[in-house]
Every structure is written in structure tokens, then in C-alpha cells.
Amino acid sequence: MTKPRLFRLWLVLGSALMILLIIVYWDNVGTAHFYLHTSLSRPHILEPLPTQGLVEENVFTSDVDEFLDTLLSSDAKHNDLSRRKTEQPPVPAPSKPVLSHMEENVRGYDWSTHDAHQNPDRDRQQAERRSLLRDFCANASLAFPTKDRSFDDIPNYELNHLIVDDRHGVIYCYVPKVACTNWKRVMIVLSESLLDRGSPYRDPLDIPREHVHNTSTHLTFNKFWRRYGKFSRHLMKVKLKKYTKFLFVRDPFVRLISAFRSKFELENEEFYRKFAVPMLRLYANHTSLPASVSEAFSAGLKVSFANFIQYLLDPHTEKLAPFNEHWRQVYRLCHPCQIDYDFVGKLETLDEDAAQLLRFLKVDSQLHFPPSYRNRTASSWEEDWFANIPLAWRQQLYKLYEADFVLFGYPKPENLLRD
């Protein structure tokens with residue numbers, strides 16, 4: 001064999017070996033390195049790593065952290081570029097002494113304990129809510145679909161309610177009809193994901209409603225696959241371990257009443273065509289219906305609350321499509337048995353919980369939660385709304401939403417479930 005051929009052979013073999021080494025390295029980064037990070041504790045219970053012996057590990061940890069930080073920070077960079085954002089506020093360096101970079105920082109955020117000015121009674125209430133949630137997730141007596149699956153079993157499209165703020169290390173699972181418009185506004189301010197004439201919004205109430213519910217405004221978990229491919233689940237787990245996760249819930253029956261009022265008692269073209277027309281045909285025996293919601297309302301054609309309950313209980317409804325997010329169960333939106341939430345807020349105590357959460361996140365000096373809407377649906381209205389609903393339907397409806405009642409500590413509405 002001539003020398004040129006030998007040279008080409010060695011070149012091919014060397015290139016193949018190099019490619020193999022690169023593949024092995026990235027596979028290791030995607031597994032062992034990421035699981036090293038996911039083993040870290042939550043932000044509010046972090047303990048300092050020992051400072052002795054860190055010198056020998058610095059090369060390894062800095063390599064891992066550089067790769068992880070690059071992935072984590074690419075979220076914000078992608079959003080910034082897509083909105084033609086030219087400046088990013090500098091992140092202050094942590095003032096605390098010598099702790100591992102891996103332990104202390106995700107994109108430079110200070111993960112010290114969030115306990116400033118906390119109210120012991122409200123802290124106790126939070127602990128009770130979270131404990132109740134964990135206990136029933138582990139309790140075999142409460143059974144509901146999806147309870148026993150793992151986080152990896154959740155389809156990507158079911159993670160679309162988890163909004164991520166990388167600047168402050170926050171994940172919010174939004175539940176429609178539970179103050180989600182204002183919490184989305186808060187997340188926009190914190191993440192600086194939307195600009196107003198070149199500058200990030202500072203006041204949540206300044207953000208137009210049409211932008212708040214635009215899916216392109218928020219970074220959600222279901223978008224990770226397109227950005228990170230095989231690393232997406234690993235990265236989600238890193239953030240779920242490191243970030244503060246919260247959600248707000250509401251009495252399930254009151255939430256249904258609120259959804260009905262806003263989507264079917266007010267003129268809503270989208271919900272009329274997609275939901276009201278089929279309901280009126282199936283449950284109110286209307287065969288010829290106007291093309292627009294305004295014409296239907298003028299003719300006195302409206303979905304009744306009983307029609308809405310029939311729709312929810314009809315076994316054929318979800319054979320066609322999953323429940324709309326406005327009446328889908330919270331356990332299906334936010335996966336509370338797969339995600340260990342750090343804060344569980346309730347609409348019934350919204351003002352107090354919002355203030356406590358902003359202190360917990362250490363952002364209470366930056367913004368205030370917008371004032372709550374005082375004309376919202378009240379729990380005292382339940383008996384009036386369900387007065388004309390047959391008892392058997394009420395009992396079936398409770399079974400449909402029982403998991404939400406139990407997991408989040410809402411009492412069983414006995415007055416509605418018996419004659």
C-alpha cells in the first residue's frame with residue numbers, strides 16, 4: 001500500500017475516532033452531568049457545599065456548569081433576539097462567600113433562602129397545603145387518571161401551562177379562571193419577555209391583555225423540544241429542581257361557574273362556534289343556528305348552565321377532543337403529583353397569598369400584584385347555580401372533579417350532593 005493511501009486511511013480512522021469521542025462526551029453531558037445537577041436540593045433548602053477539597057474538582061465542575069449555564073441562558077437569549085432586544089440588565093454577582101458555582105447559580109441568580117419578612121401563620125398554611133397535596137398523591141385511596149405516571153410519561157403537549165422565567169428562577173403553572181391573566185403579567189415583567197418601545201414592561205397593568213395570552217410571549221416547557229432536542233427533558237428536570245414552582249387554584253365548582261359566565265354568558269365568537277353551537281344542537285335540540293354569536297344572542301339562543309354540565313358529563317365529549325383549558329381539571333393542567341410545587345396559592349386568599357409569594361421570590365420590591373377583581377364569581381353562588389341541575393348530574397360532576405377538590409383541600413360540597 002502506497003504512503004498516500006496509508007495517510008488517507010489513518011486520516012479516516014482518526015476522524016472516525018474523534019467523532020466517536022465527541023458522541024460519547026455529549027452523551028455523558030446529557031446524562032451523568034445533568035443528573036449531577038438534578039440531585040441538588042431546592043432553592044429554599046440549600047445547604048453550603050464544603051469548601052475543603054473543591055480545588056481538585058474545579059476543572060470538572062466548571063466544565064459542567066459552563067455547559068449547563070449555556071443551555072439555561074440560551075432561553076432568554078433566544079427570546080431577546082426574537083424581540084430585537086439589544087440590552088440585558090447586568091445580573092449582580094452573589095455577595096455570599098465561597099460556595100460552589102454549581103450550587104449557587106443558575107444564570108447568576110442568588111439562590112439563598114427566601115424567608116425575608118415571612119408570616120409564621122401563612123408559612124404554616126403553605127406547609128399544610130403542600131403536605132396535603134403530597135399525602136394524597138401518595139395515598140392509594142384517591143385514584144384518578146395520570147396519577148401514577150412519572151414526569152417522563154407526560155406528553156410534551158401537556159406541558160404547555162408551565163411558564164418559565166430564567167431571570168429569577170421561577171416556574172408558574174397557570175390555571176384559567178384563577179387570576180392567570182395577572183400572574184401571566186407578573187411573569188412577563190419578571191422575565192422581561194415583552195418590550196414596550198424598546199424597554200421591558202415594569203408595571204403588570206401596563207401590559208395589554210391581547211399580549212398576555214399570546215403563546216409567543218411566554219417560554220413554556222412544551223417549547224423545549226424544538227430548542228434542545230434530546231436535552232429537553234434533562235433541562236426541564238434541572239429547572240424543576242432548581243427553580244421555585246408555584247400555582248394558584250380555586251374551588252372546582254366555582255371555577256366551572258366562572259368559566260361558564262365568561263365564555264357563554266358574554267358574546268365570544270370563538271367559544272360560540274367551537275362549543276356553544278354543538279351544545280345547542282346536542283342538548284337543546286336546535287338544528288338551525290345563526291352564524292354569529294351576536295345574532296344568536298339577539299334571538300335569545302344561549303347555552304344554559306344545564307347544557308354546559310351535560311357537555312362535561314357526556315362520555316363522547318373527550319373522545320372528540322380533550323377538555324378546553326378553562327374547564328380542564330387542575331391535575332391535568334399542572335401535574336401536581338409529578339411536580340413538587342413550592343407554593344400553592346388559592347384564589348379565595350389571593351391578596352394575602354400573592355403578597356406572600358412575591359416576598360418568597362424576593363421580588364416584592366420590584367412589583368406589586370395587580371388589585372383583584374371584586375366582581376368575581378363567589379362560592380356562595382353555588383347553590384343558586386346548581387339549583388336546577390339534577391342530583392345525579394351533580395354527583396357525577398363531583399366525581400369528575402373530585403381529585404381537584406381533595407388534592408387542594410376543598411371540602412366536599414355535601415349540600416349539593418344530597419337531596
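Just so it is clear, glycine is given a Cβ too, placed from its N, Cα and C backbone atoms.
Feature annotations, courtesy of Swiss-Prot:
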- 1-5: topological domain 'Cytoplasmic' (TOPO_DOM)
- 6-26: transmembrane segment (TRANSMEM)
- 27-419: topological domain 'Lumenal' (TOPO_DOM)
- 78-99: region 'Disordered' (REGION)
- 176-182, 250-258: 3'-phosphoadenylyl sulfate binding site (BINDING)
Can you name the residues of this chain that are 6 or more positions from Arg255 (3'-phosphoadenylyl sulfate binding site) yet have a C-beta less than 8 Å from its C-beta?
Val175, Lys177, Val178, Trp327
Neighbourhood of Pro176 (3'-phosphoadenylyl sulfate binding site), C-beta criterion under 8 angstroms, separation at least six
Ala259, Glu325, His326
In sequence order, which residues at least six apart in the same chain have a CB under 8 Å from the CB of Asn182 (3'-phosphoadenylyl sulfate binding site)?
Pro204, Phe369, Pro370
Using DSSP reduced to three states, classify Arg255 (3'-phosphoadenylyl sulfate binding site) as helix, strand or coil.
helix
Same-chain residues at least 6 apart in sequence with Cβ under 8 Å of the Cβ of Cys180 (3'-phosphoadenylyl sulfate binding site), in sequence order, are Tyr174, Phe248
